[in-house]
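Colleague: First the structure, then my questions, so here it is.
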Amino acid sequence: MDGGGKDREDGRKNLRREEGKHASGTHVASAPSPSLPVLPAAKYPAIKALMRPDPHLKWLVLGMVLAQLLACWLVRGLAWRWLLFWAYAFGGCVNHSLTLAIHDISHNTAFGTGHPAHNRWFAVFANLPLGVPYASSFKKYHVDHHRYLGGDGLDVDVPTRLEGWLFCTPARKLLWLALQPFFYSLRPLCVHPKAMTRMEVFNALAQLAANATIFTLWGLKPMVYLLASSLLGLGLHPISGHFVAEHYMFLKGHETYSYYGPLNWITFNVGYHMEHHDFPSIPGCNLPLVRKIAPEYYDHLPQHYSWVKVLWDFVSEDSLGPYARVKRVCKLAKDGL
C-alpha cells in the first residue's frame with residue numbers, strides 16, 4: 001500500500017481525525033463530515049452527470065445468474081472434490097460478484113432512484129444463486145454504514161469487541177477471514193437488530209422457492225455447489241480482500257482506502273471505495289470517471305495495490321486485526337434510519 005505524498009487528504013483530514021482509543025483497541029474518531037462530497041462536485045459539475053443508472057448492470061446480473069444455473073446443471077455428475085474446486089474457483093467469483101452487484105443495486109443504480117421497487121425486486125433476483133436470502137437485509141443495514149460510518153452500535157460492518165479480542169493471532173485471524181460470511185450475517189442481529197420487513201420475507205420465500213426448484217430438478221449437488229460458492233467465495237478468497245481493504249486502518253488516521261487493480265473488473269469497481277463513499281449514488285461503472293475528473297482529490301491518498309497482499313498483511317501483522325477500525329459515537333438521525 002502506498003502512503004501517498006505529504007499525508008494529503010484535501011479536506012478529509014478533519015474527517016479522519018483520531019481522538020482516542022476504544023478499550024477494545026478500536027480507534028475512536030470524530031463524526032464524519034457530510035460536506036466533503038460538495039468539494040469535488042462543486043468544482044467539477046460533470047460529476048453530477050455520473051449520478052445515473054448503469055444501463056449494463058441488469059444484463060450483467062442476468063448473465064451471472066444464468067451462468068450459475070448452467071453450472072448447477074453441469075455439476076450434477078461431478079465428484080465432490082471437483083464440485084468444491086469449481087465452487088471456489090468459479091462459483092465463488094460469480095457469487096461474490098453478485099453480492100457486489102446487490103451492493104450497487106442497493107443504491108438504486110439498476111433502474112434509477114425513480115424506481116426503488118424495481119431495484120429491490122431485481123436485487124432479490126440477483127440473490128437467487130447465493131442460496132440464502134441476503135439482498136433485502138443488506139440494503140436495510142447498508143444505509144447505516146453510509147450514514148453512520150464506524151458508528152458504535154449502528155454500523156454493523158465494524159467487528160464486535162469479542163471478535164477483536166478473540167481473533168488476535170495469525171491463526172485466529174485466518175479463521176476469522178474464512179468465517180466472514182457467518183460474521184457478516186450474524187453480527188447485525190447482535191449489534192443492531194431491526195424488525196423484519198415485508199421485503200425480507202419476500203426475499204426469503206423467493207430464495208426457498210428457487211432452492212426447492214433446483215433441488216427437485218437436479219438433486220443435492222447443485223445446491224451444495226451454490227452454497228459452497230457463497231461460503232468459499234465470501235470467505236478466504238482473493239476477492240474477499242476488499243472486506244479488509246476498505247476500512248481497516250493500515251495507516252494511522254486513514255479509515256477508508258481505494259484499490260485500483262484488475263479485480264475491479266469483476267467486482268463492479270467496489271475497489272473505488274473512497275469515491276463510492278463520497279458519491280454513493282454514482283454506479284460502480286462510473287466511479288473511475290470520478291477519479292479521472294477530480295484526480296487531485298484521490299491520487300495522493302493511501303491506496304491498496306493487491307487484495308491478496310491486504311489479506312496477507314492482515315493475518316501476519318500484529319498491528320492489524322478485527323480491532324483495527326475507527327469507531328465513533330454517532331447521534332441517531334430523527335427519522336430513525
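Note: Cβ is positioned from N, Cα and C throughout, glycine not excepted.
What TrEMBL says about a protein is an automatic prediction, not a curated fact.
Worth saying up front: this structure is predicted, and the values here are computed from it rather than measured.
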Colleague: I'm validating the feature mapping. Which of 114-135, 224-245 is tagged transmembrane segment in TrEMBL?
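Modeller: Within the set 114-135, 224-245, TrEMBL attaches transmembrane segment to 224-245.
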Colleague: On the 0 to 100 pLDDT scale, where does the domain 'Fatty acid desaturase' (81-305) sit on average?
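Modeller: Mean model confidence (pLDDT) across the domain 'Fatty acid desaturase' (81-305) is 96.
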Colleague: Compare 57-76, 201-218, 224-245 by their Cβ pairs under 8 Å to the transmembrane segment (82-102) and return the stretch that comes out on top.
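Modeller: Stretch with maximum Cβ contacts: 224-245.
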